[in-house]
Amino acid sequence: MGGQVYLLCFVTLAISFTAGGEVCVSGHDSGPVFEEQPSSLVFPVGLTEEKVTLACQARASPAATYRWRVNGTDVPVGEDPRYEMVAGNLVISSPQYNRDAGSYQCLAINRCGTVISRPANLKFGYLHDFPPDDRSPQTVYEGAGATLICQPPAHYPALSYRWFLNEFPSFVQPSGGRWFVSQVTGNLYLAKAEVNDSGNYFCFTTNNMDISTKSVFSRANPLTVLPDASPRKSAPNIKVRFPSETYALTGHTTHLECFAYGNPVPKIHWRKVDGSLPSKAAASTNSPTLTLSDLSFEDEGVYECEALNSEGRDTYQGRITVQAQPEWLQVMSDSEVEISSELRWSCAAAGKPRPSMRWLRNGHGKLKISHLALEDSGMYQCVAENKHGTIYSNAELRVQVQAPDFRLNPVRRLVPAARGGQVIMECKPRAAPKPTLFWSRGTELLTNNSRVTVTPDGNLQITNISRADEGKYTCFAENYLGKANSTGHLSVRDATKITLAPSNADINQGENVTLQCHASHDPTMDLTFTWSLNGVLYHYKETVGDLVIVNGQLGHAGTYMCTAQTVVDSASATAKLVVRGPPGPPGGVIVTDINETALELRWSRGYDNHSPIGKYIIMGRSPLSPEWRRMQTDPPTIEGNAESACVTGLLPWMDYEFHVIASNILGSGEPSMPSQMVRTREAAPTVAPSGLGGGGGDHHELIITWTPMAREYQNGDEFGYILAFRKRNTPSWMVVKVPHAESSRYVYSNQSLSPYCPFEVKIKAYNRKGEGPFSQMALVHSAEEALTAFEMLVCWESVQDLTTNIVRGYEIRYWRQHEKEAAADRVRTAGLETSARVSGLRPSTFYYVTVLAYNSAGTGPPSPRATVITKKPPPNRPPGNVSWKTDGSWVTVMWDHVKAMKNESAVLGYKVKILVIEWLSKIRLFCWTVERDLITRKP
């Protein structure tokens, strides 16, 4: 991981006076400063009627004149009519690639100097047509991957790519994961071919330039996808790979491409191998193109693309190296220096690779270091450049010649000072060369002693001031061009003193406290108070020094300093405030010794905030219970000196995270940072599934249902259910395994099953750690026989066996509601069956039913009367508008729904019959019963 490289460049100028040349007037003239510089552009080849304008404008006094260079040579403005200067801008008519392509720079010039602009590249864009040659057809089998090659024609700059199918503008939509168009090569990739993908594909390329756009498309790429009755499944195979080493610039955007063949269609996932994936890439982490915008050096590293499906995975890695254009860290600034003195200029730039540095004076590449004079005034530029760009820093140098002059900066007329303190009186006249400075008090020339010092830069410093020091002080300045002086009056005042200093204080959180501060001072001056906390300005008060803290918090604790201040001096005093409160958050929470239902938690003590920690509580949460809740622990009460505890009562195979809260007599503190998410170990299930039941279904079926077990009861991976069932009053159990936690039903089919046969059923759960307990037994019946609107099923209990009167069968009598029982219809059964189906009834009709036993002597007494209402009849209209279409091995059948009348039963589904006539006159009839909205079936 590499960052930017920094380069610092210094120049020292020894300035001396030399006359000659056009004069740049100090205080009136100024050298050129760019307000607009030329920018690089791409111009389309062949636009002979168009013009190119390269901008250049500079602020200067007097106004600047302009010149242009291309590739270091002057542009022949005025000699070649194709070139025209418009207020500094260069206008090129009918640009031509072989004459005008190159690197352009603008020079802005006046009598104070010359500056040169950054380079601007004029390049020419083009896009040729695709070759007219036919392209080879491609054939693949259903389920396989395919690549269609674009082979774009010659072009500049880079192209964008799309593909269309059969006719424009039927563009291929890459959404869904099967298709991908590489914006690097232009190729079209297909992860898993389908039969309806067959067709002619055209590569459509677009060249976007500054002033125009051009698009061309290729000849057809024929693709044929052959049907396969059982398409072969395949693990991912990455076909589009980003470079193993990618170089990118800070602030720019880079794209990494990755796409794979596979059946099922692979999912793409990105990660950063040596760190976290930048949040800016979140929107594209599951896309074939990873987009990293506004790059920084933190984005540098190794990135991995993973392609995953149910058959396996494939991965690919590559590195991004981030580089940077030059960037100024320190720039030059305009300077006015006196003749015969020294000026130290510096500029520093960062970049990667490390920028090289050079200097320009008035647009030329030489810099004179020694024997400088007045004519060395001018415009200077520091240039930093690497392979990614060039930057310029401009500054104007003015060499000054002047006799001493105090008019712009006289000695301060009244200088107050505190008795016992110190004062500095400044003397800073304008002069070039540097003048000699000295001070006098009245007629007495001042010399350095224990209290009075004239500093090397000419300032007068007096310490331990007394009333006797009051009076007028004069500064004299002299160079070979002349003399000048300036006078100020020193006024001595009473010193400021703290008369009541603040006292140390100790409070509980939420209490109030007052820190007092009083001071004496010179009555002729205003007094102000300021307070600082731990060295940082905290509060400002104008006249009253007391500081009142209301509802004190832990953040208020620390060292307070009261400062009483006048314009001439100040005095300070300090006090410490202790705030007692609930403990701070514990630190370093880690989880160890994890088992199925318990684990150990460790932490480090946080701040007690001046009140001993009394106890800890542990809070936890899981994905199934996202709110923090108090956990069971061993010991139940965790003392304040503890730094570990056992968390109990956890669920096996469950993810948890924890935090710890400390408390004392003043309350509970903030929680610690959460621990890492951990998972308890697996265990065999401990509870049985609930909701065991069933019934219904088709003829000869036993349907058993239950409520799927929630995640918190599964206790481990590879979870499923074990069913045990048997006919009632039989000894042996049938046992089956039903995998998957989400399973909720099992269908047992047996042609020998009689209708509505009772079964005893029980169920238990299993995982890879073992089996759980069985549930309570439930009674579930096999399916009843389906009844039409013209039938009813009559069931009864058999007559007790009578040794003297053998029952030969049963007689069922039934009659409609408005009829007499004497007119009842009769049906007899032979044998000892206890149920019978009665047909030939009327739909939607109320019937009475009774059953009698009979033998050779006649019928016995009737059973109690029962009632039944037959079903409504089905709709008597067939579905309308039946149509179908084929797609490979699929047949799609469509029809209009049938709406039941009020006197008809609701439509529950449809039966679809397809007559298939094959070679040799073989005929097969397919028949399916489908739900209402199902309209597609694969034979």
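A Cβ is built for glycine as well, from the same backbone N, Cα and C atoms used for every other residue.
Per TrEMBL, the features are as follows:
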DOMAIN    32-123  domain 'Ig-like'
DOMAIN    131-218  domain 'Ig-like'
DOMAIN    236-321  domain 'Ig-like'
DOMAIN    326-398  domain 'Ig-like'
DOMAIN    404-491  domain 'Ig-like'
DOMAIN    496-578  domain 'Ig-like'
DOMAIN    585-683  domain 'Fibronectin type-III'
DOMAIN    778-873  domain 'Fibronectin type-III'
REGION    863-883  region 'Disordered'
SIGNAL    1-20  signal peptide
Composition by DSSP (helix, strand, coil) of residues within the domain 'Fibronectin type-III' (585-683): 0 helix, 50 strand, 49 coil
Stretch with greatest number of CB pairs under 8 Å, the domain 'Ig-like' (236-321) reference, 32-123, 131-218, 404-491, 585-683 candidates: 131-218
Residues in the domain 'Ig-like' (404-491) grouped by DSSP into helix, strand and remaining coil: 3 helix, 46 strand, 39 coil
Dominant neighbour of the domain 'Ig-like' (32-123) in 131-218, 326-398, 404-491, 585-683, by Cβ pairs under 8 Å: 326-398
Highest-contact recorded stretch vs the domain 'Ig-like' (326-398), from 131-218, 404-491, 585-683, CB pairs under 8 Å: 404-491
Summary of DSSP states over the domain 'Ig-like' (496-578), given as helix, strand and coil counts: 3 helix, 46 strand, 34 coil
Tally of DSSP helical, extended and coil residues in the domain 'Fibronectin type-III' (778-873): 3 helix, 42 strand, 51 coil
